[in-house]
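K.L.:
Pulled these from Swiss-Prot:
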BINDING   Gly15, Met16, Ser17, Gly18, Ala19, Gly20, Lys21, Thr22  ATP binding site
BINDING   Asp66, Ile67, Arg68, Gly69  GTP binding site
Amino acid sequence: MMDVDRSIRLVIVTGMSGAGKTQALKYLEDLGFFCVDNLPPSLMPKLAELFGQTEGKVSRLALGIDIRGGRFFHEILGALRQIAEIGVAYQILFMDASDEVLVRRYKETRRRHPLAAQGRVLDGIQRERRLLQELRGLATFIIDTTHMTPADLRKELNRRFGQDRESPHFHVNVVSFGFKHGAVLDADLVFDVRFLPNPHYVPDLQPLTGEDPAVVEYVMKWNVTQQFYRRLTGLIGFLLPHYVAEGKSLLTIAIGCTGGKHRSVCLANRLAHWIRERGYSVSVEHRDMPRPADRSDEEEQP
């Protein structure tokens, strides 16, 4: 047996069907876990061993196990013993909810319970609860989602498995773009700065970009720009901690001008710097700067 990195964090996610296991795995993935769902228990030790040999490339692994595994499910206790034998510590996250809520969720989704193929949903739930009783007793964490919204579940998982705010699990991506080249489709926030004075109409500035000091000075010297930037940073400063608290992992802020070469580039750089100074992980992307084939006609209008 090869040496295994014992620092790897392994979380086994299981519990009642309909209690939120799939959603939990999705949120754990946002927190930096490598997630595998509906894995036969017999494969768990081998997978844990393989990921323990990645030399730190994967340090957080979450495995989803549920009753859909059918005849494989009884193997889980033996698999847990094997994982312990190879030196990988694990935690069991058991997702639960009241029978009443589980029945309602199944009826709302019109899905069939895996253990109630021909019978009532409640019969399947009660049978599953009996089968999982021993595993529930081994759980490190039990999360009851009876009264939880998806946002509540995200917050709870972030509290138990998240890291510091400054970690890469919350990241801000600031994108400059030109409206004439199309919108940024995955943007969470979009700001249109085409109302600002346009360097395109200053001959000496036209061939430059928003990364050139002369363009930055021109864009930022106007009172309207300064007022807008002050209000922009005020809004972003208000929003960021609320996005973190909600459990959002990636926030994309798009700033657009006509061609994506001058005004949006300048303001995207300044905003990214401002966000970075406040301790957040941030990157900046200038999607449309420059497009060599279009340089002769960039920013044709105000």
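Just so you know, glycine gets a Cβ as well, placed from its N, Cα and C.
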K.L.:
How many whole Å apart are the CA atoms of Thr22 (ATP binding site) and Asp66 (GTP binding site)?
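P.N.:
Just about 10 Å between their Cα atoms.
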K.L.:
For Gly15 (ATP binding site), what is the secondary structure state per DSSP, taken as helix, strand or coil?
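P.N.:
Its secondary structure by DSSP: strand.
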K.L.:
Measuring Cα to Cα, how many angstrom lie between Met16 (ATP binding site) and Asp66 (GTP binding site)?
P.N.:
8
K.L.:
Determine the minimum-neighbour residue: among Ser17, Thr22, listed as binding-site residues, which Cβ has the fewest other Cβ atoms within 10 angstroms?
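P.N.:
Ranked by other Cβ atoms within 10 Å, the binding-site residues Ser17, Thr22 bottom out at Thr22.
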K.L.:
Should Gly20 (ATP binding site) be counted as helix, strand, or coil on the basis of DSSP?
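P.N.:
For Gly20 (ATP binding site) - judged by DSSP and reduced to three states - the answer is coil.
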K.L.:
Can you list, in sequence order, the residues of the same chain other than Gly15, Met16, Ser17, Gly18, Ala19, Gly20, Lys21, Thr22 whose CB lies within 8 Å of the CB centroid of the ATP site?
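P.N.:
Not counting the recorded site residues, we get Asp66, Met95, Asp96, Ala97, Thr145.
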K.L.:
Please report the distance from the Cα of Gly20 (ATP binding site) to the Cα of Asp66 (GTP binding site), rounded to the nearest angstrom.
P.N.:
11
